[in-house]
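Undergrad: So Swiss-Prot says this about it:
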type: ACT_SITE; residues: 273; note: active site
type: ACT_SITE; residues: 307; note: active site
type: BINDING; residues: 251, 252, 253, 254, 255, 256; note: NAD(+) binding site
(Lines of atoms letter the chains of each structure in order from A and count residues from 1; the text may use other names and numbers.)
(Lines give C-alpha, C1' and ligand atoms only; values in the text may rest on other atoms or scores of the structure.)
Protein backbone atom coordinates (compact mmCIF):
# COMPACT_ATOMS: atom_id res chain seq x y z
CA UNK A 1 0.00 0.00 0.00
CA UNK A 2 1.46 3.32 -1.07
CA UNK A 3 1.99 5.79 1.78
CA UNK A 4 0.59 9.30 1.43
CA UNK A 5 3.29 11.92 1.96
CA UNK A 6 2.22 15.38 3.08
CA UNK A 7 3.81 18.28 1.27
CA UNK A 8 5.38 21.12 3.23
CA UNK A 9 2.51 23.43 2.29
CA UNK A 10 -0.03 20.87 3.61
CA UNK A 11 1.85 20.60 6.90
CA UNK A 12 2.03 24.38 7.29
CA UNK A 13 -1.65 24.74 6.43
CA UNK A 14 -2.65 22.11 9.02
CA UNK A 15 -0.49 23.74 11.69
CA UNK A 16 -1.99 27.14 10.88
CA UNK A 17 -5.53 25.74 10.90
CA UNK A 18 -5.05 24.02 14.27
CA UNK A 19 -3.47 27.18 15.68
CA UNK A 20 -6.41 29.32 14.55
CA UNK A 21 -8.88 26.84 16.08
CA UNK A 22 -7.02 26.83 19.42
CA UNK A 23 -6.78 30.63 19.42
CA UNK A 24 -10.52 30.94 18.68
CA UNK A 25 -11.40 28.61 21.55
CA UNK A 26 -9.13 30.52 23.93
CA UNK A 27 -10.69 33.83 22.87
CA UNK A 28 -14.19 32.46 23.43
CA UNK A 29 -13.21 31.20 26.88
CA UNK A 30 -11.59 34.54 27.67
CA UNK A 31 -14.70 36.50 26.63
CA UNK A 32 -16.96 34.13 28.55
CA UNK A 33 -14.88 34.43 31.73
CA UNK A 34 -14.71 38.20 31.35
CA UNK A 35 -18.49 38.41 30.97
CA UNK A 36 -19.17 36.02 33.87
CA UNK A 37 -16.73 37.78 36.20
CA UNK A 38 -17.99 41.21 35.16
CA UNK A 39 -21.62 40.13 35.51
CA UNK A 40 -20.92 38.66 38.95
CA UNK A 41 -19.32 41.93 40.05
CA UNK A 42 -22.28 43.95 38.77
CA UNK A 43 -24.68 41.49 40.41
CA UNK A 44 -22.93 41.91 43.76
CA UNK A 45 -23.05 45.69 43.49
CA UNK A 46 -26.70 45.48 42.41
CA UNK A 47 -27.63 43.42 45.47
CA UNK A 48 -25.89 45.94 47.71
CA UNK A 49 -27.67 48.79 45.98
CA UNK A 50 -31.03 47.01 46.25
CA UNK A 51 -30.57 46.62 50.00
CA UNK A 52 -29.82 50.33 50.31
CA UNK A 53 -32.88 51.28 48.28
CA UNK A 54 -35.14 48.93 50.26
CA UNK A 55 -34.32 50.91 53.38
CA UNK A 56 -35.31 54.18 51.70
CA UNK A 57 -38.78 55.62 52.01
CA UNK A 58 -40.77 55.26 48.73
CA UNK A 59 -40.85 58.51 46.80
CA UNK A 60 -44.13 60.32 46.34
CA UNK A 61 -45.34 60.34 42.71
CA UNK A 62 -43.72 63.29 40.98
CA UNK A 63 -46.03 66.23 40.28
CA UNK A 64 -45.42 68.58 37.39
CA UNK A 65 -44.88 71.44 39.85
CA UNK A 66 -41.82 69.54 41.17
CA UNK A 67 -40.03 69.27 37.82
CA UNK A 68 -37.93 72.42 38.26
CA UNK A 69 -36.72 71.22 41.69
CA UNK A 70 -36.02 67.70 40.42
CA UNK A 71 -34.06 69.09 37.47
CA UNK A 72 -31.90 71.09 39.87
CA UNK A 73 -31.33 68.00 42.06
CA UNK A 74 -30.38 65.82 39.08
CA UNK A 75 -27.97 68.48 37.81
CA UNK A 76 -26.34 68.58 41.24
CA UNK A 77 -26.03 64.78 41.18
CA UNK A 78 -24.38 64.96 37.78
CA UNK A 79 -21.89 67.54 39.04
CA UNK A 80 -20.63 65.05 41.66
CA UNK A 81 -19.19 62.91 38.81
CA UNK A 82 -20.85 59.82 40.29
CA UNK A 83 -21.43 58.44 36.78
CA UNK A 84 -18.12 59.64 35.40
CA UNK A 85 -16.50 56.20 35.50
CA UNK A 86 -17.66 53.40 33.20
CA UNK A 87 -17.93 50.94 36.11
CA UNK A 88 -20.55 53.15 37.78
CA UNK A 89 -22.54 53.29 34.54
CA UNK A 90 -22.35 49.51 34.16
CA UNK A 91 -23.76 49.16 37.66
CA UNK A 92 -26.72 51.43 36.86
CA UNK A 93 -27.34 49.64 33.55
CA UNK A 94 -27.34 46.31 35.36
CA UNK A 95 -29.91 47.69 37.82
CA UNK A 96 -32.07 48.77 34.87
CA UNK A 97 -31.58 45.40 33.17
CA UNK A 98 -32.64 43.54 36.32
CA UNK A 99 -35.59 45.87 36.77
CA UNK A 100 -36.98 44.95 33.34
CA UNK A 101 -36.01 41.26 33.52
CA UNK A 102 -37.43 40.69 37.02
CA UNK A 103 -40.71 42.39 36.10
CA UNK A 104 -41.05 41.30 32.48
CA UNK A 105 -44.50 39.76 32.93
CA UNK A 106 -45.86 42.64 34.99
CA UNK A 107 -44.72 45.21 32.41
CA UNK A 108 -46.19 43.11 29.57
CA UNK A 109 -49.52 42.88 31.41
CA UNK A 110 -49.56 46.64 31.99
CA UNK A 111 -48.96 47.32 28.29
CA UNK A 112 -51.82 44.97 27.39
CA UNK A 113 -54.09 46.70 29.89
CA UNK A 114 -53.32 50.10 28.35
CA UNK A 115 -53.49 49.18 24.67
CA UNK A 116 -55.45 45.91 24.34
CA UNK A 117 -52.48 44.65 22.35
CA UNK A 118 -51.80 40.95 21.73
CA UNK A 119 -49.70 39.18 24.36
CA UNK A 120 -46.86 38.32 21.96
CA UNK A 121 -46.35 41.92 20.90
CA UNK A 122 -46.39 43.10 24.53
CA UNK A 123 -43.68 40.58 25.44
CA UNK A 124 -41.73 41.51 22.29
CA UNK A 125 -41.72 45.17 23.37
CA UNK A 126 -40.25 44.29 26.77
CA UNK A 127 -37.70 41.96 25.15
CA UNK A 128 -36.58 44.78 22.85
CA UNK A 129 -35.71 46.84 25.94
CA UNK A 130 -33.71 43.95 27.45
CA UNK A 131 -31.79 43.42 24.19
CA UNK A 132 -30.95 47.12 23.87
CA UNK A 133 -29.73 47.38 27.47
CA UNK A 134 -27.56 44.30 26.93
CA UNK A 135 -26.11 45.87 23.78
CA UNK A 136 -25.23 49.01 25.73
CA UNK A 137 -23.65 47.01 28.56
CA UNK A 138 -21.64 44.88 26.16
CA UNK A 139 -20.36 47.81 24.07
CA UNK A 140 -19.86 50.47 26.74
CA UNK A 141 -16.07 50.23 26.68
CA UNK A 142 -15.91 49.93 22.89
CA UNK A 143 -17.75 53.17 22.14
CA UNK A 144 -17.09 55.34 25.20
CA UNK A 145 -13.45 54.75 26.07
CA UNK A 146 -11.01 57.52 25.20
CA UNK A 147 -9.43 56.80 21.79
CA UNK A 148 -6.06 58.04 20.57
CA UNK A 149 -5.92 59.71 17.15
CA UNK A 150 -3.01 60.91 14.98
CA UNK A 151 -1.29 64.16 15.97
CA UNK A 152 -0.29 67.04 13.66
CA UNK A 153 3.21 68.52 13.41
CA UNK A 154 2.17 71.61 15.38
CA UNK A 155 1.68 69.27 18.36
CA UNK A 156 5.04 67.56 17.89
CA UNK A 157 5.67 64.89 20.53
CA UNK A 158 2.23 65.53 22.02
CA UNK A 159 -0.71 63.13 21.98
CA UNK A 160 -4.28 63.60 20.77
CA UNK A 161 -7.42 61.79 21.88
CA UNK A 162 -11.17 61.86 21.38
CA UNK A 163 -13.44 61.04 24.29
CA UNK A 164 -17.22 60.95 24.59
CA UNK A 165 -18.51 63.50 27.08
CA UNK A 166 -22.00 63.33 28.67
CA UNK A 167 -24.28 66.36 28.37
CA UNK A 168 -25.49 66.53 31.97
CA UNK A 169 -29.15 66.19 32.91
CA UNK A 170 -31.26 64.73 30.09
CA UNK A 171 -35.03 65.14 29.80
CA UNK A 172 -36.68 62.14 28.08
CA UNK A 173 -40.32 62.66 27.05
CA UNK A 174 -41.93 59.42 25.88
CA UNK A 175 -45.31 58.64 24.23
CA UNK A 176 -48.03 56.13 25.05
CA UNK A 177 -47.95 53.84 21.99
CA UNK A 178 -44.87 51.82 23.02
CA UNK A 179 -44.62 52.96 26.62
CA UNK A 180 -41.81 50.63 27.76
CA UNK A 181 -39.62 50.69 24.66
CA UNK A 182 -39.79 54.42 23.94
CA UNK A 183 -39.13 55.39 27.55
CA UNK A 184 -36.59 52.89 28.86
CA UNK A 185 -34.33 52.58 25.79
CA UNK A 186 -33.57 56.34 25.68
CA UNK A 187 -33.12 56.31 29.48
CA UNK A 188 -30.68 53.41 29.21
CA UNK A 189 -28.72 55.24 26.52
CA UNK A 190 -28.56 58.46 28.52
CA UNK A 191 -27.41 56.64 31.67
CA UNK A 192 -24.85 54.60 29.70
CA UNK A 193 -23.28 57.85 28.52
CA UNK A 194 -23.04 59.20 32.08
CA UNK A 195 -26.04 61.55 32.18
CA UNK A 196 -28.67 61.85 34.87
CA UNK A 197 -32.24 61.48 33.55
CA UNK A 198 -35.69 62.91 34.10
CA UNK A 199 -38.33 60.74 32.41
CA UNK A 200 -41.72 62.21 31.51
CA UNK A 201 -44.05 59.34 30.62
CA UNK A 202 -47.51 59.56 29.08
CA UNK A 203 -50.68 59.71 31.18
CA UNK A 204 -52.52 57.86 28.40
CA UNK A 205 -50.62 54.63 29.14
CA UNK A 206 -51.30 55.01 32.86
CA UNK A 207 -50.87 51.38 33.93
CA UNK A 208 -47.44 51.06 32.28
CA UNK A 209 -46.28 54.55 33.25
CA UNK A 210 -47.22 54.07 36.90
CA UNK A 211 -45.57 50.65 37.07
CA UNK A 212 -42.32 51.82 35.46
CA UNK A 213 -42.18 54.86 37.76
CA UNK A 214 -42.61 52.61 40.81
CA UNK A 215 -39.99 50.14 39.55
CA UNK A 216 -37.49 52.91 38.81
CA UNK A 217 -38.01 54.17 42.36
CA UNK A 218 -37.25 50.66 43.65
CA UNK A 219 -34.33 49.69 41.41
CA UNK A 220 -32.59 52.91 40.33
CA UNK A 221 -31.13 55.46 42.76
CA UNK A 222 -33.22 58.63 42.63
CA UNK A 223 -30.12 60.78 42.16
CA UNK A 224 -29.73 59.22 38.69
CA UNK A 225 -33.31 58.83 37.41
CA UNK A 226 -36.73 60.33 38.24
CA UNK A 227 -40.13 59.84 36.57
CA UNK A 228 -43.36 61.80 36.10
CA UNK A 229 -46.54 60.37 34.58
CA UNK A 230 -49.58 62.05 36.16
CA UNK A 231 -50.11 64.96 33.78
CA UNK A 232 -49.70 65.81 30.12
CA UNK A 233 -49.47 69.34 28.75
CA UNK A 234 -48.65 70.97 32.12
CA UNK A 235 -45.67 68.66 32.66
CA UNK A 236 -44.35 69.26 29.14
CA UNK A 237 -44.58 73.03 29.70
CA UNK A 238 -42.60 72.63 32.93
CA UNK A 239 -40.03 70.48 31.12
CA UNK A 240 -39.63 73.22 28.53
CA UNK A 241 -39.03 75.87 31.18
CA UNK A 242 -36.66 73.76 33.32
CA UNK A 243 -32.90 73.99 32.77
CA UNK A 244 -32.22 70.58 31.26
CA UNK A 245 -29.00 70.06 29.31
CA UNK A 246 -30.53 67.84 26.60
CA UNK A 247 -34.03 66.98 25.39
CA UNK A 248 -35.06 63.66 23.88
CA UNK A 249 -38.66 63.69 22.65
CA UNK A 250 -40.81 61.07 20.92
CA UNK A 251 -44.28 62.12 19.82
CA UNK A 252 -46.21 64.50 17.60
CA UNK A 253 -44.69 67.10 15.31
CA UNK A 254 -46.66 69.86 17.05
CA UNK A 255 -45.20 69.14 20.51
CA UNK A 256 -41.81 68.38 18.95
CA UNK A 257 -41.65 71.95 17.62
CA UNK A 258 -42.37 73.30 21.11
CA UNK A 259 -39.59 71.17 22.58
CA UNK A 260 -37.17 72.23 19.85
CA UNK A 261 -38.01 75.90 20.40
CA UNK A 262 -37.43 75.56 24.16
CA UNK A 263 -34.11 73.80 23.57
CA UNK A 264 -33.01 76.49 21.09
CA UNK A 265 -33.80 79.27 23.59
CA UNK A 266 -31.56 77.54 26.14
CA UNK A 267 -28.89 76.76 23.51
CA UNK A 268 -29.03 73.03 24.35
CA UNK A 269 -29.38 70.15 21.86
CA UNK A 270 -32.52 68.09 21.27
CA UNK A 271 -33.34 64.82 19.55
CA UNK A 272 -36.85 64.65 18.10
CA UNK A 273 -38.38 61.33 17.06
CA UNK A 274 -41.56 62.34 15.26
CA UNK A 275 -43.63 60.66 12.54
CA UNK A 276 -45.08 61.38 9.15
CA UNK A 277 -47.04 59.84 6.32
CA UNK A 278 -44.91 56.81 5.52
CA UNK A 279 -45.59 55.58 1.97
CA UNK A 280 -45.39 52.05 0.66
CA UNK A 281 -44.80 51.55 -3.07
CA UNK A 282 -45.80 48.23 -4.63
CA UNK A 283 -44.36 47.12 -7.96
CA UNK A 284 -45.80 44.57 -10.40
CA UNK A 285 -42.71 42.37 -10.10
CA UNK A 286 -43.38 41.48 -6.47
CA UNK A 287 -45.23 38.49 -5.01
CA UNK A 288 -48.47 40.39 -4.43
CA UNK A 289 -49.90 38.13 -1.70
CA UNK A 290 -46.71 38.34 0.35
CA UNK A 291 -46.48 42.12 -0.08
CA UNK A 292 -50.15 42.55 0.88
CA UNK A 293 -49.74 40.34 3.95
CA UNK A 294 -46.69 42.28 5.17
CA UNK A 295 -48.42 45.63 4.67
CA UNK A 296 -51.55 44.36 6.47
CA UNK A 297 -49.33 43.12 9.31
CA UNK A 298 -47.66 46.52 9.61
CA UNK A 299 -51.03 48.28 9.63
CA UNK A 300 -52.29 45.95 12.37
CA UNK A 301 -49.47 46.39 14.90
CA UNK A 302 -50.89 48.34 17.83
CA UNK A 303 -53.93 49.04 15.61
CA UNK A 304 -51.72 51.11 13.32
CA UNK A 305 -50.53 53.36 16.16
CA UNK A 306 -46.81 53.24 15.49
CA UNK A 307 -44.70 56.01 13.97
CA UNK A 308 -43.04 53.72 11.38
CA UNK A 309 -46.33 52.15 10.26
CA UNK A 310 -47.31 52.15 6.58
CA UNK A 311 -49.59 55.18 6.27
CA UNK A 312 -50.75 54.71 2.67
CA UNK A 313 -49.79 52.56 -0.29
CA UNK A 314 -49.19 53.26 -3.99
CA UNK A 315 -50.22 50.38 -6.27
CA UNK A 316 -50.07 49.99 -10.08
CA UNK A 317 -53.52 50.72 -11.48
CA UNK A 318 -53.78 47.33 -13.20
CA UNK A 319 -53.42 45.32 -9.97
CA UNK A 320 -55.29 47.57 -7.51
CA UNK A 321 -58.28 45.29 -7.01
CA UNK A 322 -56.11 42.20 -6.66
CA UNK A 323 -53.97 43.97 -4.07
CA UNK A 324 -56.94 45.24 -2.05
CA UNK A 325 -58.44 41.76 -1.99
CA UNK A 326 -55.14 40.29 -0.79
CA UNK A 327 -54.89 42.86 2.04
CA UNK A 328 -58.51 42.16 3.02
CA UNK A 329 -57.86 38.41 3.13
CA UNK A 330 -54.79 39.01 5.29
CA UNK A 331 -56.81 41.03 7.82
CA UNK A 332 -59.39 38.22 7.97
CA UNK A 333 -56.68 35.58 8.32
CA UNK A 334 -55.04 37.51 11.18
CA UNK A 335 -58.14 38.43 13.19
CA UNK A 336 -61.15 36.56 11.77
CA UNK A 337 -64.24 37.89 10.02
CA UNK A 338 -65.21 39.95 13.07
CA UNK A 339 -61.99 41.65 14.17
CA UNK A 340 -63.77 43.24 17.15
CA UNK A 341 -63.91 39.84 18.86
CA UNK A 342 -60.21 39.16 18.37
CA UNK A 343 -58.01 39.18 21.47
CA UNK A 344 -55.05 40.11 19.27
CA UNK A 345 -56.35 43.30 17.67
CA UNK A 346 -55.66 46.51 19.58
CA UNK A 347 -57.77 49.54 20.39
CA UNK A 348 -57.37 53.23 19.65
CA UNK A 349 -55.89 55.09 22.62
CA UNK A 350 -58.73 57.63 23.19
CA UNK A 351 -62.33 58.18 22.17
CA UNK A 352 -61.38 61.45 20.48
CA UNK A 353 -58.80 59.61 18.34
CA UNK A 354 -61.43 56.99 17.42
CA UNK A 355 -63.82 59.80 16.47
CA UNK A 356 -61.15 61.24 14.18
CA UNK A 357 -60.82 57.83 12.49
CA UNK A 358 -64.59 57.77 11.93
CA UNK A 359 -64.50 61.18 10.26
CA UNK A 360 -61.82 59.93 7.85
CA UNK A 361 -63.81 56.79 7.02
CA UNK A 362 -67.10 58.69 6.57
CA UNK A 363 -65.50 60.96 3.95
CA UNK A 364 -63.83 58.14 2.01
CA UNK A 365 -64.67 55.34 -0.45
CA UNK A 366 -64.39 52.19 1.69
CA UNK A 367 -63.27 48.99 -0.07
CA UNK A 368 -63.33 46.92 3.13
CA UNK A 369 -64.06 47.49 6.83
CA UNK A 370 -65.19 50.84 8.14
CA UNK A 371 -66.83 49.82 11.43
CA UNK A 372 -66.11 52.19 14.34
CA UNK A 373 -67.23 51.89 17.97
CA UNK A 374 -66.20 55.15 19.60
CA UNK A 375 -67.26 54.14 23.13
CA UNK A 376 -65.06 51.04 23.05
CA UNK A 377 -62.33 52.82 21.04
CA UNK A 378 -62.53 50.18 18.29
CA UNK A 379 -61.74 50.89 14.65
CA UNK A 380 -61.92 47.98 12.22
CA UNK A 381 -59.00 47.38 9.83
CA UNK A 382 -60.13 49.42 6.84
CA UNK A 383 -59.07 49.72 3.19
CA UNK A 384 -59.85 52.94 1.30
CA UNK A 385 -59.96 53.12 -2.52
CA UNK A 386 -60.21 55.84 -5.18
CA UNK A 387 -58.09 58.04 -2.94
CA UNK A 388 -57.02 61.49 -4.12
CA UNK A 389 -54.09 63.46 -2.75
CA UNK A 390 -56.38 66.18 -1.31
CA UNK A 391 -58.71 63.75 0.53
CA UNK A 392 -58.99 64.01 4.33
CA UNK A 393 -57.09 60.74 4.79
CA UNK A 394 -54.08 62.29 3.03
CA UNK A 395 -53.96 65.53 5.04
CA UNK A 396 -51.89 64.23 7.96
CA UNK A 397 -50.56 61.06 9.57
CA UNK A 398 -53.47 58.65 10.14
CA UNK A 399 -52.05 56.76 13.15
CA UNK A 400 -54.71 54.07 12.99
CA UNK A 401 -55.73 50.88 11.12
CA UNK A 402 -56.90 52.70 7.97
CA UNK A 403 -55.05 52.00 4.71
CA UNK A 404 -55.59 54.38 1.76
CA UNK A 405 -54.73 52.70 -1.56
CA UNK A 406 -53.62 55.08 -4.34
CA UNK A 407 -53.32 53.92 -7.95
CA UNK A 408 -50.40 55.02 -10.13
CA UNK A 409 -49.16 54.61 -13.69
CA UNK A 410 -45.58 55.86 -13.39
CA UNK A 411 -43.11 56.30 -10.55
CA UNK A 412 -42.84 60.00 -11.37
CA UNK A 413 -46.49 60.34 -10.27
CA UNK A 414 -45.61 58.67 -6.97
CA UNK A 415 -42.64 60.97 -6.39
CA UNK A 416 -44.79 64.06 -6.99
CA UNK A 417 -47.42 62.86 -4.51
CA UNK A 418 -44.82 61.98 -1.86
CA UNK A 419 -43.51 65.56 -2.13
CA UNK A 420 -46.82 66.71 -0.60
CA UNK A 421 -45.58 65.13 2.68
CA UNK A 422 -41.78 65.14 2.31
CA UNK A 423 -39.17 63.43 4.48
CA UNK A 424 -41.27 60.58 5.94
CA UNK A 425 -39.86 58.61 8.85
CA UNK A 426 -39.84 55.49 6.67
CA UNK A 427 -40.49 54.51 3.06
CA UNK A 428 -41.34 50.94 2.10
CA UNK A 429 -40.84 49.52 -1.37
CA UNK A 430 -42.07 46.13 -2.55
CA UNK A 431 -40.25 45.06 -5.70
CA UNK A 432 -37.96 42.36 -7.09
CA UNK A 433 -36.43 44.92 -9.45
CA UNK A 434 -33.30 46.28 -7.78
CA UNK A 435 -32.99 49.11 -10.33
CA UNK A 436 -36.47 50.27 -9.38
CA UNK A 437 -35.54 50.15 -5.68
CA UNK A 438 -32.41 52.24 -6.32
CA UNK A 439 -34.52 54.70 -8.33
CA UNK A 440 -36.84 55.17 -5.34
CA UNK A 441 -33.86 55.58 -2.98
CA UNK A 442 -32.53 58.38 -5.21
CA UNK A 443 -35.86 60.22 -5.36
CA UNK A 444 -37.42 59.91 -1.89
CA UNK A 445 -35.73 61.37 1.18
CA UNK A 446 -36.74 59.44 4.30
CA UNK A 447 -35.45 58.40 7.70
CA UNK A 448 -35.24 54.79 6.52
CA UNK A 449 -36.05 52.91 3.34
CA UNK A 450 -36.81 49.19 3.25
CA UNK A 451 -37.45 46.83 0.36
CA UNK A 452 -39.96 43.98 0.63
CA UNK A 453 -40.88 44.40 4.29
CA UNK A 454 -41.67 47.04 6.89
CA UNK A 455 -40.97 48.00 10.50
CA UNK A 456 -38.64 45.07 11.32
CA UNK A 457 -35.57 47.20 10.54
CA UNK A 458 -36.09 48.60 14.06
CA UNK A 459 -34.86 45.29 15.47
CA UNK A 460 -31.36 45.71 14.00
CA UNK A 461 -29.09 47.53 16.51
CA UNK A 462 -26.60 48.21 13.70
CA UNK A 463 -29.06 50.55 11.96
CA UNK A 464 -29.90 54.11 13.06
CA UNK A 465 -33.51 54.90 13.90
CA UNK A 466 -34.55 58.48 13.29
CA UNK A 467 -36.17 60.88 10.91
CA UNK A 468 -35.25 63.89 8.81
CA UNK A 469 -36.67 67.42 8.97
CA UNK A 470 -40.44 67.05 9.56
CA UNK A 471 -40.09 63.43 10.71
CA UNK A 472 -37.42 64.17 13.29
CA UNK A 473 -33.95 65.35 14.19
CA UNK A 474 -31.24 62.90 15.20
CA UNK A 475 -31.27 59.14 15.65
CA UNK A 476 -30.55 56.38 18.14
CA UNK A 477 -30.46 52.57 18.65
CA UNK A 478 -27.28 50.54 18.99
CA UNK A 479 -24.05 52.52 18.62
CA UNK A 480 -26.02 55.57 17.51
CA UNK A 481 -27.44 55.80 21.03
CA UNK A 482 -23.92 56.49 22.31
CA UNK A 483 -23.50 59.21 19.66
CA UNK A 484 -26.82 60.80 20.64
CA UNK A 485 -26.39 61.04 24.40
CA UNK A 486 -22.73 62.07 24.41
CA UNK A 487 -20.62 64.51 22.45
CA UNK A 488 -17.06 64.10 21.13
CA UNK A 489 -14.49 66.12 23.05
CA UNK A 490 -10.93 66.77 21.87
CA UNK A 491 -8.27 65.91 24.46
CA UNK A 492 -4.66 66.96 23.77
CA UNK A 493 -1.68 66.14 25.97
CA UNK A 494 1.40 68.30 25.33
CA UNK A 495 4.64 68.88 27.25
CA UNK A 496 7.23 71.53 28.04
CA UNK A 497 10.40 69.48 27.54
CA UNK A 498 10.60 70.54 23.87
CA UNK A 499 9.57 73.92 22.50
CA UNK A 500 8.83 74.38 18.79
CA UNK A 501 9.65 78.03 18.03
CA UNK A 502 8.14 78.02 14.53
CA UNK A 503 4.86 79.37 15.90
CA UNK A 504 6.36 82.24 17.96
CA UNK A 505 6.44 85.95 17.15
CA UNK A 506 8.12 87.84 15.54
CA UNK A 507 7.30 85.81 12.45
CA UNK A 508 10.41 85.52 10.24
CA UNK A 509 10.74 84.68 6.56
CA UNK A 510 12.17 81.28 7.55
CA UNK A 511 9.11 80.51 9.63
CA UNK A 512 6.87 81.48 6.72
CA UNK A 513 8.86 79.23 4.40
CA UNK A 514 8.82 76.30 6.86
CA UNK A 515 5.09 76.56 7.50
CA UNK A 516 4.44 76.88 3.77
CA UNK A 517 6.56 73.79 3.06
CA UNK A 518 4.68 71.76 5.67
CA UNK A 519 1.37 72.76 4.13
CA UNK A 520 2.55 72.10 0.56
CA UNK A 521 4.02 68.71 1.43
CA UNK A 522 0.61 67.48 2.65
CA UNK A 523 2.20 65.57 5.52
CA UNK A 524 0.82 67.41 8.54
CA UNK A 525 0.17 64.25 10.57
CA UNK A 526 2.51 62.50 12.95
CA UNK A 527 0.79 59.31 14.06
CA UNK A 528 0.75 58.38 17.74
CA UNK A 529 4.08 59.94 18.77
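Including glycine, each Cβ sits where the backbone N, Cα and C put it.
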Undergrad: Look at the binding-site residues 251, 256 and tell me which residue has the greatest number of other C-beta atoms within 10 angstroms of its C-beta.
TA: 256
Undergrad: For each of the recorded positions (255, 307), count the other CB atoms lying within 10 A of its CB, then report the residue with the highest count.
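TA: Answer returned by the neighbour count: 307.
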Undergrad: Taking just the CA atoms, what is the gap between residue 307 (active site) and residue 252 (NAD(+) binding site) in Å?
TA: 9
Undergrad: Which chain neighbours of the NAD(+) site, leaving out 251, 252, 253, 254, 255, 256, have a Cβ atom within 8 Å of the mean position of the site's Cβ atoms?
TA: 249, 257, 258, 259, 274
Undergrad: Just to be sure I understand: of 254, 255, 256, which binding-site residues have a C-alpha no more than 10 angstroms from the C-alpha of residue 273 (active site)?
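TA: Cα within 10 Å of residue 273 (active site): 256.
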Undergrad: On the three-state reduction of DSSP, what should I expect for residue 252 (NAD(+) binding site)?
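TA: Going by the DSSP assignment, residue 252 (NAD(+) binding site) belongs to neither helix nor strand, so it counts as coil.
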Undergrad: If we count other C-beta atoms within 10 Å, could you say which of the recorded positions 252, 253, 254, 273 has the fewest?
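TA: Comparing Cβ neighbours within 10 Å for the recorded positions 252, 253, 254, 273, 254 has the fewest.
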